[in-house]
Amino acid sequence: MRLILLGAPGAGKGTQAKFIMEAYGVPQISTGDMLRAAVKAGSPLGLKVKDIMTSGGLVSDDIIIDLVKERIAEPDCQKGFLFDGFPRTIPQAEALVAAGVNIDHVLEIFVEDEEIVSRLSGRRVHEASGRVYHVKHNAPKTEGVDDETGEPLVQRDDDKEETVRKRLAVYHEQTEPLVDFYKKLSAESSDSLPVYSRVDGIGSLDDIQARVFEALKK
């Protein structure tokens with residue numbers, strides 16, 4: 001199973017990715033992990049990446065694609081792989097096709113923006129323990145304080161409504177066009193691959209998981 005997982009921040013991709021990895025025995029691959037691993041390994045490509053990152057530059061799509069090809073040639077990718085957060089843009093998707101990297105399935109977990117804003121902006125965290133609450137769905141016994149210590153809860157900057165809306169805007173601008181790209185690619189390919197599926201990301205974890213695995217059978 002060679003899979004691309006799409007979905008806005010807060011749509012629940014990370015949780016479903018774990019289920020998919022366990023069921024299919026495939027690794028999750030993100031560009032951030034690949035870049036860090038390449039730098040740590042000190043490969044020629046990794047040294048090039050380190051120079052770019054140290055100077056504050058952006059790693060080019062060409063280098064990212066080379067890293068992808070290196071990564072998916074490793075033994076743990078024999079059964080396939082799960083791309084999370086990659087490709088992000090049409091040029092990256094086109095480069096993936098040009099490099100001959102085949103994909104079986106593109107799965108989008110869809111949640112409306114307002115639901116995501118509610119999910120993320122309602123989170124409150126006890127920083128010392130990492131305990132996470134939600135003002136609506138998992139409220140502390142006393143508003144604003146941790147159940148166990150009585151210490152104050154905080155809203156992380158990433159979870160503030162303004163930040164969430166900005167991240168969603170970037171997602172819609174950059175990543176949504178990928179859906180049309182892969183639908184078109186599927187329609188034009190002789191084997192109808194990759195299969196594109198959209199799954200409703202609202203409901204219990206079990207319900208969403210069932211929808212995901214049903215979609216992946218197509």
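Every residue, even glycine, has its Cβ placed from backbone N, Cα and C.
Annotation comment: Swiss-Prot describes G10, A11, G12, K13, G14, T15, R123, V132, Y133, G203 as ATP binding site. Counting only same-chain residues six or more apart in sequence, the Cβ atoms lying under 8 angstroms from the Cβ of G10 (ATP binding site) belong to V111, I116, R119, L120, V164.
Following the DSSP three-state reduction, the secondary structure of R156 (AMP binding site) is coil. Under a cutoff of 8 A between CB atoms, and with a sequence separation of 6+ in the same chain, the neighbours of R156 (AMP binding site) are R123, V125. Per Swiss-Prot, the feature AMP binding site maps to T31, R36, G57, L58, V59, G85, F86, P87, R88, Q92, R156, R167; the stated evidence is sequence analysis.
Marked as region 'NMP' by Swiss-Prot: 30-59. Counting only same-chain residues 6+ beyond the ends of the region 'NMP' (30-59), those with a CB under 8 A from a CB of the stretch are 66-68, 70-71, 83-86.
Feature annotation from Swiss-Prot assigns region 'LID' to 122-159; the stated evidence is sequence analysis.
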I need the most crowded of these binding-site residues: G12, G14, G57. Count other C-beta atoms within 10 angstroms of each C-beta and give me the top one.
G12
Among the binding-site residues R88, R123, which residue has the fewest other Cβ atoms within 10 Å of its own Cβ?
R88
Over all shown protein chains, what is the count of other CB atoms within 10 A of the CB belonging to V59 (AMP binding site)?
16
Per DSSP, what is the residue count of the region 'NMP' (30-59) in each of helix, strand and coil?
22 helix, 0 strand, 8 coil
For Y133 (ATP binding site), which of the three DSSP-derived states applies: helix, strand, or coil?
strand
Measuring Cα to Cα, how many angstrom lie between T31 (AMP binding site) and G14 (ATP binding site)?
15
